[in-house]
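The active site, proton acceptor annotation in TrEMBL covers His175. The annotation NAD(+) binding site is assigned in TrEMBL to Gly7, Ala8, Gly9, Asn10, Val11, Gly12, Asp32, Asn95, Val118, Thr119, Asn120. The substrate binding site annotation in TrEMBL covers Arg82, Arg88, Asn120, Arg151. What TrEMBL records for 1-142 is domain 'Lactate/malate dehydrogenase N-terminal'. Annotated domain 'Lactate/malate dehydrogenase C-terminal' per TrEMBL: 147-301, in sequence order.
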Amino acid sequence: MKVTIIGAGNVGATCAEVIANRRIASEVVLVDIAEGYAEGKAMDIMQCASNSKFDTIVKGSSNDYSLTANSEVVVVTSGIPRKPGMTREELIGTNAAVVKSVMESALKYSPNAIFVMVTNPLDTMTLAALKITGLDRKRIIGMGGALDSARFKYFLSQKLNKPVYDIEGMVIGGHGDTTMIPLIRYATYKGMPVTELLSVEEQEEVCKSTMVGGATLTKLLGTSAWYAPGAAVANVVESILNDFKRMIPCSVLLDGEYGQKGLCIGVPCIIGKNGLEEIVEINLNDKETEKFLASVEAVHNTNKELTV
Ligand SMILES: NC(=O)c1ccc[n+]([C@@H]2O[C@H](COP(=O)([O-])OP(=O)(O)OC[C@H]3O[C@@H](n4cnc5c(N)ncnc54)[C@H](O)[C@@H]3O)[C@@H](O)[C@H]2O)c1
Ligand SMILES: O=C(O)C[C@H](O)C(=O)O
């Protein structure tokens, strides 16, 4: 199983390392526009192999896409990250141009691949990738909700003082500081609703921390996060390669689901060998629907700035 990761920066290289460490694929090709950078990252990861005990082959390429030929999955992490004080939406101009150039090259060599988009602003870049390639919506999946849900579960575990593994929770909506929707009503600790275990104030604190999770880390790190994003992408890739059909909130093109059309936004998806296997339409109450509609409007507004 071959995976290409375009963009060997913080998120791309971390994703490659997680895929290798967890033996999710037999081969990973890292591609970057910066001369020698992807080769360097690949060599560094390969020098983990004897200690970490994996046999995945990680290769690097300075913009030569021939090495990526016939990848089953292509991950797109190329583009600029935000700096403290910025929103993800401010990255649109630079990153849309990057996404355009890399999608065309990657598709040429891997015509049957499933694409996992990571570059921000995520929902708009996922739509851009669909427009650029004309591919079926099943084959282009935006990774945002997998990360946001991981953060949600982390903040819930902190507040409940319980292991994160015993917690379930999901974040839908746009992958933006104000557009994501942590579904607290559906979150559980060992099957028990967290709404019965936390006060309303505590629930609000968890949701707020989740929504600004990326901005908080960007302020602390000076650039955006990479460990949790890399692991979240690897999880999506794993579900595709193994046809696990995991339910993961992902940004996909809606065609009537949730009453919406013509935008990519985070909704619960079944992810398997065909990419998007199914969109799961969960019941949203009035308050959640109101938030979802506001998120849809905000994502549509960002999409209007797209020129590709
Ligand atoms: N969707 C998410 O949940 C999520 C999470 C984290 C980061 N991100 C986004 O992912 C992107 C990458 O973040 P990062 O922290 O890895 O940034 P980074 O700067 O560490 O890495 C980006 C890499 O892309 C490369 N690149 C730029 N243009 C390229 C091109 N045309 N072809 C090939 N490579 C190219 C750069 O040389 C760089 O090495 C950002 O847009 C960031 O906002 C999204
Ligand atoms: O916060 C960012 O800009 C990067 C990413 O979208 C994240 O949520 O970590």
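Here the Cβ of each residue, glycine as well, is placed from N, Cα and C on the backbone.
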Rounded Cα-Cα span from His175 (active site, proton acceptor) to Val118 (NAD(+) binding site), Å: 10
Between the Cα atoms of Asn120 (NAD(+) binding site) and Arg82 (substrate binding site), what distance do you get, rounded to the nearest Å? 9
Need one number for the NAD(+)-binding residues Gly7, Ala8, Gly9, Asn10, Val11, Gly12, Asp32, Asn95, Val118, Thr119, Asn120: the maximum pairwise CA distance in Å, whole number please. 17
I'd like to confirm something. Which of the recorded positions, Gly9, Val11, Asp32, His175, has a Cα closest to the Cα of Arg151 (substrate binding site)? His175
Check the binding-site residues Gly7, Gly9, Val118, Asn120, Arg151 for any whose Cβ is under 6 angstroms from an atom of ligand 1, and report them in sequence order. Gly7, Gly9, Val118, Asn120
Restricting the binding-site residues Gly7, Gly9, Arg82, Arg88, Asn120 to those with Cβ under 6 angstroms from ligand 2 leaves Arg82, Arg88, Asn120
Asp32 (NAD(+) binding site) in three-state DSSP notation: strand
Far apart in sequence but close in space: which same-chain residues, 6 or more away, have a Cβ under 8 Å from Gly9 (NAD(+) binding site)? Asp32, Thr77, Ser78, Pro81, Trp226
Got a sec? Which of these binding-site residues, Arg82, Arg88, has the most Cβ atoms within 10 Å? Arg88
Do me a favour and check the Cα-Cα span between Arg82 (substrate binding site) and Val11 (NAD(+) binding site); whole Å is fine. 13
